[in-house]
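First comes the structure, then the notes that go with it.
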Amino acid sequence: MGIEPVDVLLAGLGAIALGAGVLVVSTRHIVRAGLWLVVTLGATAGLYLVLTAELVAWVQVLLYVGAVVVLLLFAVMLTRAPIGASDDLDRPRWAGLLIGGGAGLGLAALLVDAYRWSRVESPRTGTGAEQIGAEVFRTWVLPFEVLSVLLLAALIGAIVISRPDIGSRPDNRSEIGRQESRRES
Amino acid sequence: MPVWAELLIRVVAVLVAFLTLPLIIGQAEHKVMAHMQGRLGPMYAGAFHGWAQLVADGIKFVQKEDVTPREADRAVFRLAPIVSLLPYLLVLLVIPLGPHGLVAQPLDIGLFFVLAVVGIGVVSVLMAAWSSANKYALLGGLRAAAQLLGYELPFVLAAASVAMAAGSLSLSEIVRAWQPWWLLWQLPAMLIFFTAGLAEIRRPPFDMPIAESELVFGYMTEYTGLRFAFFLLAEYVGILVIAALTTVLFLGGWRGPFDDAHLGWLWTLLKIFAVAFVIIWIRVSYPRLREDQLQRLCWLVLVPLALAQLLLTAAVKLAL
């Protein structure tokens with residue numbers, strides 16, 4: 001079992017993902033942290049690609065790089081996004097190191113122990129789109145639907161929180177109405 | 001032919017297309033706008049039908065000083081124009097020009113790949129907007145991000161409709177499954193996709209992020225010279241990509257009146273340029289949408305319409 005090009009690619013992409021990930025939490029430039037997150041998630045998508053999970057890789061790019069990080073950057077730029085280093089960042093350094101490092105090491109140990117040196121052949125045919133579709137809508141259809149209900153609940157919650165004029169409690173609403181009438185008078 | 005030689009030919013072909021087709025579209029835009037609005041430069045430059053206009057523009061951009069604002073985040077500022085070009089270059093790899101594998105890199109989930117990669121473009125806009133250290137640039141960038149995030153939804157839903165109809169995510173398979181009556185069946189999806197596509201590449205009437213009358217030039221305000229030219233090039237490649245995707249998904253790609261097997265590439269190119277012409281035509285015809293109108297159109301018109309089209313597609317697909 002020699003070193004194949006796939007192994008080199010995996011190691012390289014893994015190193016990029018890890019390095020950029022460390023930069024995300026260690027850089028003092030807030031927006032740059034978000035941009036380093038793009039690199040991390042991109043490298044992770046690359047890892048999926050090397051492992052022939054093509055669909056998962058592009059889902060990663062579409063959802064995480066294209067939507068989640070963009071939303072994150074958007075929110076940061078809306079609030080406070082200074083150019084250059086911010087010295088007043090509140091970072092629980094040791095707690096973060098402990099939790100992050102502990103979780104990482106623990107998961108790594110668990111995975112190494114679970115698989116040892118057993119080889120798992122990656123599927124050579126297909127992109128996984130059909131298999132994933134069949135699995136999700138046959139075997140896993142119930143969790144899938146439950147998840148969508150959860151997302152719907154989150155969506156409605158977000159609307160209720162961001163729109164005080166359609167708030168949940170009547171007394172709450174009258175309070176806002178009173179404030180508004182005060183402002184008008 | 002060895003594998004590497006074939007690969008080399010394919011990559012070089014895509015690079016050539018990447019470097020020439022957007023310039024043709026750029027020149028076409030100059031000419032079309034000149035005729036529609038009575039602009040003089042593109043009529044006379046270089047004596048023969050204004051052929052030298054684009055060349056003159058290029059020389060002008062090369063000569064301009066490359067300015068980076070003092071307060072800017074230099075690394076991000078310099079990287080942004082390149083990041084804006086990269087996604088479109090990747091998309092060109094999977095667009096089929098003709099039948100029998102006349103595509104640089106056939107992908108089974110080509111459509112999904114295209115949607116994912118086009119979505120990266122917004123990162124470059126945010127990079128440019130923030131790193132410029134300019135309030136107009138930042139405002140433009142925020143507008144662009146809100147616009148791109150919103151219009152991504154109808155864009156993806158409309159593309160999903162055609163993928164459902166064809167039963168495949170491969171762009172070549174979609175063209176193969178395409179039937180002329182789809183022009184009617186998928187017409188709403190096509191209009192939604194085209195409109196959302198215009199918004200994705202921030203072309204007028206969806207150029208609120210740039211809006212030169214209020215934001216100077218939006219997120220491109222601080223860019224000069226070649227870097228600015230890169231953004232312009234990205235815009236023209238964007239036109240090419242949106243036109244090509246509309247062609248491949250909704251207009252039957254290489255399917256033409258006769259001899260698809262040999263002239264397929266010609267039909268594809270003709271359709272792409274026809275759609276590109278419409279994009280330019282819309283630019284000179286319609287006024288810019290205001291920010292609230294733009295969001296309203298997306299969330300209250302395009303998204304519900306796209307969902308209705310998905311229902312229609314599913315119903316027809318089940319009935320057949």
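Each residue's number is its place along the chain shown, starting with 1.
Keep in mind that glycine also has a Cβ here, set from the backbone N, Cα and C atoms.
Listed in TrEMBL for this protein:
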| type | residues | note |
| --- | --- | --- |
| TRANSMEM | B:7-25 | transmembrane segment |
| TRANSMEM | B:45-63 | transmembrane segment |
| TRANSMEM | B:75-97 | transmembrane segment |
| TRANSMEM | B:109-130 | transmembrane segment |
| TRANSMEM | B:151-169 | transmembrane segment |
| TRANSMEM | B:181-199 | transmembrane segment |
| TRANSMEM | B:228-252 | transmembrane segment |
| TRANSMEM | B:264-285 | transmembrane segment |
| TRANSMEM | B:297-316 | transmembrane segment |
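For the transmembrane segment (B:181-199), same-chain residues at least 6 beyond its ends with a Cβ under 8 Å from one of its own Cβ atoms are 147-148, 150-152, 154-155, 157-159, 161-162, 165, 205-206, 242, 245-246, 249-252, 275, 279, 282, 294, 297-298, 302, 305-306, 308-309, 312-313, 316. Among B:45-63, B:109-130, B:228-252, B:297-316, B:228-252 has the largest number of CB pairs under 8 A with the transmembrane segment (B:264-285). At the 8 Å Cβ cutoff, the transmembrane segment (B:109-130) and the transmembrane segment (B:297-316) share fewer than 3 close pairs (sequence separation 6 or more) and do not count as touching. Looking at which of B:7-25, B:45-63, B:75-97, B:297-316 has the most CB pairs under 8 Å to the transmembrane segment (B:151-169), the answer is the stretch B:297-316. Remote same-chain residues near the transmembrane segment (B:297-316) are listed as 147, 150-151, 153-154, 157-158, 160-162, 164-165, 185-186, 188-189, 192, 195-196, 199, 289 (criterion: CB distance under 8 Å, separation of at least six residues from the stretch ends). When Cβ-Cβ distances below 8 Å are used as the criterion, the transmembrane segment (B:228-252) is approached by residues 18, 21-23, 25-26, 29, 58, 61-62, 64, 81-82, 84-85, 88-89, 91-92, 95-96, 111, 114, 118, 121, 124, 128, 159, 162, 171, 174-175, 178, 180, 182-183, 186, 189-190, 193-194, 197-198, 200-203, 220, 268, 271-273, 275-276, 279-280 of the same chain, each at least six residues removed from its ends. Panel annotation: around the transmembrane segment (B:7-25), residues 54, 88-89, 92-93, 104-105, 233, 236-237, 239-240, 272-273, 276, 280 of the same chain, lying at least six beyond its termini, place a Cβ under 8 Å from a Cβ of the stretch.
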